[in-house]
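Take a look at the structure set out below.
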Amino acid sequence: MGNGKVYATVVLIRLIYAGMHILTKASFNEGTSTTVFVFYRHAVAAIFLLPFAFIEIRKKPAPPLNFKLTAKIFAHAFYGMAGTINLYCIGLKYASATSSSAIFNIVPVVAFILAVMFRMETLKLRSVHGLAKASGILLCVGGVIVLALYEGPELKSMNHHQLLQHHASAAAAHVHSKKEWALGIFLMTTSVVIWSFWTVKQGPLLLEYPSKLLNTTLQCVFASIQSFVIALVLERDFSRWKLAGAVSLASVLFTGIVVAAISYYLQIWVIEKKGPVFLSMSMPLSLVFTMAIASFLLGEDVSLGSIIGSVLLVAGLYNVLWGKSREEKQAANGRDGAGGDGDGDVERNAAAVQPADGETTEEEEEKKDRRDVDAAAKV
């Protein structure tokens, strides 16, 4: 029953992320500005989290926060939330919800590459697990390249009456030049790389400021301020600050509350129950859900290039995860073997020190000779 709850939660998490890709794309199809959307999203997340942060502070005093640490949290919020989500949203505007979900599969792979660069992980190319991880990285790179540069024939959507398609922008939603599509894939890939770096750096940051809730709340507050400034600079037409319709409002509320707050808690719960690898292995479910739902709700046509690129990305993800799992098993077996050998060495060393039966050490022989001399002197 416990495993059933975990599996159901994982499916719910992947449905949430599929909903994020689809609703965000639908809001842009509706005409909402990307920078304004990001500001509203972070503002909603901050407003939602602030009451819980105040309750946390009343229960337990907040960790001390000096200027240096505040500046560090501010910087993490800028590149990891405000900056990367702006890049992601601009890229999504030029590409599709399916391609966006596919690219998210490289998050664990990029995190692994960064961990190798920071010497938190190893990559031994002479071992089977090292070759698996290296091939996984290459497959992911190939998947991104295929997504960006190869389109191929399209598999037409079975639904011709899109529920979330804004009629005024129907043509614009489907027709992107190859340059726009490639730019969209590039921007989304860049945002995922930056976000992966942000996730890797959260560990050291939590050591300095251990409260997860207050840390997240502060970053959301800072990100909303930063996103406001970015939107103010890039979107001078204040008529564009109004959400284009009901879909955009639903998308802002969904991404700000459900994605930023609720799914975060659910993911921590799953990691505690089954570990991070189990959660990472479920990521392709978001791609499947997004592909199916986007075809029905947005009427997205899936190209052969998107399918091939997605398969390569998923294969790369599983290669890296399999290699990592194999490496951990070998390390565990090595420790067990080393422990056994170590015990044998201790026993052999102990046997070497102990004299054999019927034999004495040189020191004991000297003591015996002295006793004999003393006895003779007394006589």
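For all residues, glycine too, the Cβ spot is worked out from N, Cα and C.
Worth saying up front: this structure is predicted, and the values here are computed from it rather than measured.
As given in TrEMBL:
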TRANSMEM  7-24  transmembrane segment
DOMAIN    8-147  domain 'EamA'
TRANSMEM  36-55  transmembrane segment
TRANSMEM  76-95  transmembrane segment
TRANSMEM  101-118  transmembrane segment
TRANSMEM  130-150  transmembrane segment
TRANSMEM  181-200  transmembrane segment
DOMAIN    183-320  domain 'EamA'
TRANSMEM  246-266  transmembrane segment
TRANSMEM  278-298  transmembrane segment
TRANSMEM  304-322  transmembrane segment
REGION    329-379  region 'Disordered'
COMPBIAS  367-379  compositional bias 'Basic and acidic residues'
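Mean predicted confidence for the domain 'EamA' (183-320): the pLDDT average there is 86. Counting Cβ pairs under 8 Å to the transmembrane segment (304-322), the stretch among 36-55, 101-118, 130-150, 246-266 with the most such contacts is 130-150. Listed as Cβ neighbours of the transmembrane segment (36-55) (distance under 8 Å, sequence separation of 6 or more from its ends, same chain) are residues 24, 27-28, 81-82, 85-86, 89, 213-214, 216-217, 220-221, 223-224, 227-228, 230-231, 235, 240-241, 243, 248, 251-253, 255-257, 260-261.
Residues of the same chain lying 6 or more positions beyond the ends of the transmembrane segment (181-200) and with a Cβ under 8 Å from any Cβ of it are 76, 79-81, 83-85, 87-88, 90-95, 99-100, 103-104, 106-107, 110-111, 114-115, 118, 120, 144, 147-149, 151. Distant neighbours of the transmembrane segment (7-24): 37, 89, 92, 97-98, 100-101, 104, 164, 247, 250-251, 254-255, 258-259, 262-263, 266-267, 269-270, 278-279, 282-283, 285-286, 289-290, 293-294, 297-298; these residues of the same chain sit at least 6 beyond its ends, with a Cβ under 8 Å from one of its Cβ atoms.
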